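Novice: Not my notes, these are from Swiss-Prot:
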ZN_FING   3-33  zinc finger
BINDING   CYS10, CYS13, CYS24, CYS27  Zn(2+) 1 binding site
ZN_FING   79-108  zinc finger
COMPBIAS  111-121  compositional bias 'Low complexity'
ZN_FING   143-173  zinc finger
REPEAT    253-283  repeat 'ANK 1'
REPEAT    306-333  repeat 'ANK 2'
DOMAIN    425-585  domain 'OTU'
ACT_SITE  CYS436  active site, nucleophile
ACT_SITE  HIS578  active site, proton acceptor
Amino acid sequence: MTEHGIKWACEYCTYENWPSAIKCTMCRAPRPSGAIITEEPFKNSTPDVGSMERESGSPLICPDSSARPRVKSSYSMETSTKWSCHMCTYLNWPRAIRCTQCLSQRRTRSPTESPQSSGSSLRAIPSPIDPCEEYNDRNKLNIKGQHWTCSACTYENCAKAKKCVVCDHPTPNNMDAIELANTDEASSIINEQDRARWRGGCSSSNSQRRSPPTSKRDSDMDFQRIELAGAVGSKEEFELDLKKLKQIKNRMRKTDWLFLNACVGVVEGDLSAVEAYKTSGGDIARQLSADEVRLLNRPSAFDVGYTLVHLSIRFQRQDMLAILLTEFSQHAAKCIPAMVCPELTEQIRREIAASVHQRKGDFACYFLTDLVTFTLPADIEDLPPTVQEKLFDEVLDRDVQKELEEESPIINWSLELGTRLDSRLYALWNRTAGDCLLDSVLQATWGIYDKDSVLRKALHDSLHDCSHWFYSRWKEWESWYSQSFGLHFSLREEQWQEDWAFILSLASQPGASLEQTHIFVLAHILRRPIIVYGVKYYKSFRGETLGYTRFQGVYLPLLWEQSFCWKSPIALGYTRGHFSALVAMENDGFDNRGAGANLNTDDDVTVTFLPLVDSERKLLHIHFLSAQELGNEDQQEKLLREWMDCCVTEGGVLVAMQKSSRRRNHPLVTQMVEKWLDGYRQIRPCTALSDGEEDEDDEDE
């Protein structure tokens with residue numbers, strides 16, 4: 001016997017192995033233990049039942065690893081009596097009135113089709129497909145399903161491999177889709193074989209072709225099959241999707257990622273993500289594109305064309321919506337002095353940083369060495385009315401001004417102060433983010449933003465180095481304030497410490513919103529009182545009251561000596577989670593504006609009268625008083641007079657005097673304001689004809 005004759009061929013890969021091998025050397029398939037039947041039974045003769053029983057009882061060797069017996073005769077008899085579904089071609093049992101797979105109604109046989117009898121059907125059956133071939137097809141597909149192809153080098157790896165053996169490329173995430181596609185391919189092959197058997201069992205070869213389904217149920221089944229085929233998807237489509245997403249990500253910039261994070265933040269209620277996007281200068285009116293929606297991959301939440309406002313309304317984020325709506329109204333072009341003169345602004349920031357010092361001693365708080373108060377120049381009144389209107393639109397926050405004046409009388413409610421005493425307050429526009437408090441403080445003093453976080457750093461360092469002093473005041477004030485509203489409770493020291501740690505953390509985070517305690521510390525850094533005029537209640541964008549704001553009142557630098565502080569306060573406005581600087585316009589200075597008060601000022605000094613009572617003539621609260629400093633209204637008024645220059649007007653309004661002088665003001669601030677105002681002086685408005693010109697025209701006529 002030759003060498004070729006003693007080898008045995010593998011039934012899977014046809015590799016010729018040595019006689020001693022019990023498995024195939026190439027594919028590891030087991031060696032068959034006997035002859036494999038390759039002849040097709042029932043080829044030219046009618047099968048005999050007895051012979052079929054004997055044949056079914058004989059041992060048949062199957063190349064399948066599970067060694068399933070190949071029972072052919074009984075299987076052919078059963079399939080010949082089954083009926084095929086006209087929708088999915090599935091072979092159902094004769095007693096079934098509906099298809100087991102797709103539930104389609106069994107169709108009645110047409111007159112041209114003769115009923116299937118056992119004899120005729122068996123005689124009409126052509127050479128049936130050998131079950132060996134069917135099992136081989138199944139095994140080939142199973143082997144294919146047990147491997148995955150590397151997308152980088154196209155090497156076929158085992159299913160258990162976590163990465164490619166050749167190039168170490170990780171396993172793709174679409175293994176389920178690949179297996180599903182393989183299963184669909186296997187079922188299609190088997191259905192083709194079943195369909196061939198069914199066609200062979202038909203009595204007449206010239207039967208008419210069946211008409212396509214026209215009923216509503218048949219149409220629905222077609223749609224279901226189409227949707228199922230689309231859901232399976234292919235590996236190529238999945239790879240194209242991954243490639244498309246990768247291209248989108250490569251095109252994304254930092255601003256784009258901040259915008260997507262803000263959108264997710266609105267859905268999940270994360271306000272910090274929205275503030276981070278706003279602080280970076282992002283456009284609040286930006287809409288989601290198709291690529292961005294595809295990248296977010298949450299169709300239930302995001303849709304093309306949505307903005308942050310749409311998402312806030314959809315998910316009922318009222319706090320975010322209030323801030324975003326304010327941002328929309330401020331979307332108009334703004335032009336403040338700090339924007340016109342960037343070089344001077346940088347010099348002023350360096351001056352501020354150089355003027356920050358730390359006091360030596362037990363109370364080691366930081367403070368500013370210069371007293372500066374920002375006012376709008378009186379030369380604005382010399383501009384034409386149209387230019388004045390343009391200037392105020394670009395430098396003021398009209399929404400804040402309207403809310404503090406019209407919606408609730410908080411500022412400029414006294415005609416005596418606003419008209420006769422020239423003490424009208426104007427709300428300057430600034431950034432609507434967590435830094436608005438620090439911006440408004442620097443705007444009320446130096447006329448610029450806290451862009452370099454110089455004031456925030458001084459705030460954090462003061463809170464950290466003087467934590468014991470401020471903590472005692474804060475704890476005592478919070479306890480008294482709660483009891484004043486009838487809330488009698490006691491907290492453990494650990495809870496107080498946790499709340500205080502949160503206040504400290506806010507001071508160190510750029511863009512984080514600040515609280516009343518931070519205003520109290522800022523009063524010590526400035527070494528001057530801070531008066532906050534604000535709304536009393538938090539309200540939603542629908543106008544619903546949500547709670548008390550607690551910001552309005554007077555903040556005195558009580559931990560300093562009075563001799564170390566200035567008595568000229570600054571004013572801030574608070575509306576809907578936003579602080580604004582309230583400044584006055586320069587005036588000529590009058591000696592008789594305060595009833596019974598002799599100001600002893602020259603014409604260069606501007607005196608602004610800031611009311612210490614609200615529109616109902618109730619004294620403003622003084623924040624963070626100790627138990628010894630608390631008292632009745634007369635005692636609090638006495639305390640205000642000790643820390644500020646106060647007087648009573650002819651109308652009986654208790655006011656504090658804010659004094660400023662252009663001559664004594666910082667030269668850099670004066671130069672910045674003059675350069676900003678020159679831009680409006682050069683604007684030539686479209687004026688109408690004068691009276692003299694009209695008369696000349698009349699004479700010509």
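Glycine is no exception: its Cβ is also placed from the backbone N, Cα and C atoms.
The shown structure was predicted, so the numbers you read here are calculated from the model rather than taken from an experiment.
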Novice: Counting only residues 6+ apart in the same chain, whose Cβ is under 8 Å from the Cβ of CYS13 (Zn(2+) 1 binding site)?
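Specialist: Same-chain residues close to CYS13 (Zn(2+) 1 binding site) (Cβ under 8 Å, separated by 6 or more) are CYS24, MET26, CYS27, ALA29.
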Novice: Name them in sequence order: residues not among CYS10, CYS13, CYS24, CYS27 whose Cβ is within 8 Å of the mean position of the Cβ atoms defining the Zn(2+) 1 site.
Specialist: GLU11, TYR12, THR14, TYR15, ASN17, THR25, MET26, ARG28, ALA29
Novice: Note down the number of other Cβ atoms within 10 Å of the Cβ of HIS578 (active site, proton acceptor), including every protein chain shown.
Specialist: 26
Novice: Identify, among the recorded positions CYS10, CYS24, CYS27, CYS436, the residue whose Cβ has the fewest other Cβ atoms within 10 Å in this structure.
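Specialist: Least crowded of the recorded positions CYS10, CYS24, CYS27, CYS436, by Cβ count within 10 Å, is CYS27.
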Novice: Report the DSSP secondary-structure composition of the zinc finger (143-173) as helix, strand and coil residue counts.
Specialist: 3 helix, 8 strand, 20 coil
Novice: Measuring Cα to Cα, tell me the gap between HIS578 (active site, proton acceptor) and the residue listed as 'active site, nucleophile' in whole angstrom.
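Specialist: Cα-Cα, rounded: 6 Å.
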Novice: Quick one: mean pLDDT on the zinc finger (79-108)?
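Specialist: Here the mean pLDDT over the zinc finger (79-108) amounts to 81.
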Novice: For the zinc finger (3-33), DSSP counts of helix, strand and coil?
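Specialist: Taking the zinc finger (3-33) as a whole: 4 helix, 6 strand, 21 coil.
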